[in-house]
Amino acid sequence: MTAHEVNFDGLVGLTHHYAGLSFGNEASTRHRFQVSNPRLAVKQGLLKMKALADAGFPQAVIPPHERPFIPALRQLGFTGSDEQILDKVARQAPRWLSSVSSASPMWVANAATVCPSADALDGKVHLTVANLNNKFHRALEAPVTEALLRAIFRDESQFSVHSALPQVALLGDEGAANHNRLGGEYGSAGVQLFVYGREEENEIRPARYPARQSREASEAVARLNQVNPQQVIFAQQNPEVIDQGVFHNDVIAVSNRQVLFCHEAAFARQKVLINQLRTCVDGFMAIEVPAGEVSVSDAVATYLFNSQLLSRDDGSMLLVLPRECQDHVGVWRYLNKLVAEDNPISAMQVFDLRESMANGGGPACLRLRVVLTEEERRAVNPAVMMNDALFTALNSWADRYYRDRLTAADLADPLLLREGREALDMLTHLLDLGSVYPFQQTGAADG
């Protein structure tokens, strides 16, 4: 059956700031306390979406979350009105305020893991929400992510949205950032590659930075998504690269159809994995980048592999890259050599995503890939699909509500909370989502 890959990109939230919350993500740590520009950040993301949509790649949007997230502060024992809580936490525990104000839901590669209908035992599209258990600020996301996905993928005859796994370290799940699908045509059955960093009975794990994804979680997600057991491979990421800042697999590898583009040091037992994929995937091609041409540290600094690999109508592929790749002499030299060689990657497109990149999120972090047949695509909430009208509406919306400068101190401003809620309220109408946010369900603006 004919199907296409639709990229659902996360909209950057109004509280986008640099707090260094993500240990193991070196860009996040390096840019801690810098001044951010939320309006520029959301517009950089929108420009990428629109440019790719105009080039014929189907695009859709996933909204940001409610931030600062007052219910989490109440769980932590802060009391009073919303404004009083903001004041208390800013004075007593500013780190918590930063955590509950994180705009990290914009990186929707961590929102869920997707199984196309061609791979599922029941013939439906499955999405399992990620629990993001390793980081407090990200573990807050799952309930609202689930509500948003249910508002986008409403038709239960076509889509199954599964709640996140239990919030325990044993089942740490980071979503599609640790998942690749390989195969031929999108509408044909493919091979799903789940990548993990640790497993309970295995002592091979990183020493410096945490391995966020467990094998146990990957196996559970594959079961929930009803992936045909004959079409699944579980592979361990090289713990040495996790210790060099590769906190998700999509920082060191990206796949599309029959191509796996990765660093030569991406996986533990990489040769075994490559041979396994060669056996399972017709026409499989591994493009392994040698350390002599691009080191792991340069790959992390430029987010070479946090790129999008997109299929064009003629069968060739486009590599969507952050500007940091173009700015790095060695990486850019390698890329120009790559597109000149005999392989499906024949073109590159560079985007300025510096606001997201400074927090450790490149083009691939910002998107969730969902393979859909024409019938399934018609069943998606049409209001989230990117087109000229939505692009114009979202830019006007961002101009109205987003600040062009934000510091950690600004997070305590009760006006920011009010602006955010008003913006999201308008967005839910614009995208026909219903009342997906807790503040809408309580009906209280002041707690």
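Yeah, the Cβs are placed from backbone N, Cα and C, and that goes for glycine too.
Positions annotated as active site by Swiss-Prot, on the basis of sequence analysis: E174 (among others). A sphere of 10 angstroms centred on the C-beta of E174 (active site) encloses 29 other C-beta atoms.
Feature annotation from Swiss-Prot assigns active site to H248 (among others); the stated evidence is sequence analysis. DSSP classifies H248 (active site) as coil under the three-state reduction. Every protein chain shown contributes to the tally, and the Cβ of H248 (active site) ends up with 29 other Cβ atoms within 10 Å.
Residues within less than 8 Å, Cβ to Cβ, of C365 (active site, nucleophile) and separated from it by at least 6 positions along the same chain comprise W107, A109, N110, A177, H248, D250, N306, S356. Residues or ranges marked as active site, nucleophile by Swiss-Prot: C365.
Under the three-state DSSP scheme, R138 (substrate binding site) falls in the helix class. For 19-28, N110, 137-138, R212, D250, N359, the entry in Swiss-Prot reads substrate binding site, with the evidence type sequence analysis.
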### Query
Where does E174 (active site) sit in the DSSP three-state scheme?
coil
### Query
From the Cα of E174 (active site) across to the Cα of L21 (substrate binding site), what is the distance in angstrom?
16
### Message
Return the count of C-beta atoms lying within 10 angstroms of the C-beta of N110 (substrate binding site), excluding that atom itself.
### Response
28
### Query
Counting other Cβ atoms within 10 Å of each Cβ, which of the binding-site residues A19, L21 scores lowest?
L21
